[in-house]
Amino acid sequence: MSESEQRHAHQCVSCGINIAGMSAATFKCPDCGQEISRCSKCRKQSNLYECPDCGFMGP
């Protein structure tokens with residue numbers, strides 16, 4: 001994994017905050033399988049997210 005990919009792996013894909021050490025969910029994109037991370041606040045508020053690889057959007 002590149003340094004850029006590692007940075008993105010520890011950021012909420014919805015709001016961009018650093019999620020290291022926080023309650024967060026990490027899951028695979030339903031379309032392409034890319035790992036996506038979201039903070040608990042964005043999950044609770046059902047904020048939209050977009051997969052950085054394929055553009056899939058979900059709640």
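From the backbone N, Cα and C atoms, a Cβ is placed for every residue, glycine too.
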Checking feature assignment: motif 'C(P)XCG motif 1' per Swiss-Prot, candidates 12-16, 17-21. Which range matches?
12-16
Between 29-33, 44-48, I'd like to know which one Swiss-Prot lists as motif 'C(P)XCG motif 2'.
29-33
Across the motif 'C(P)XCG motif 1' (12-16), what are the DSSP residue counts per state (helix, strand, coil)?
0 helix, 0 strand, 5 coil
If you count Cβ atoms within 10 Å of each one, which of the binding-site residues Cys32, Cys51, Cys54 comes out on top?
Cys51
Let me spell it out: take the motif 'C(P)XCG motif 1' (12-16), skip the flanking residues so only those 6+ beyond its ends count, and list any with a Cβ under 8 Å from a Cβ in it.
24, 36-39, 41-42, 47-52
Taking 8 Å from the centroid of the Cβ atoms of Cys29, Cys32, Cys51, Cys54 as the cut-off, which other residues in that chain fall inside it around the Zn(2+) site?
Pro30, Asp31, Gly33, Gln34, Ile36, Pro52, Asp53, Gly55, Phe56
Going by DSSP, is Cys29 (Zn(2+) binding site) part of a helix, a strand, or coil?
coil
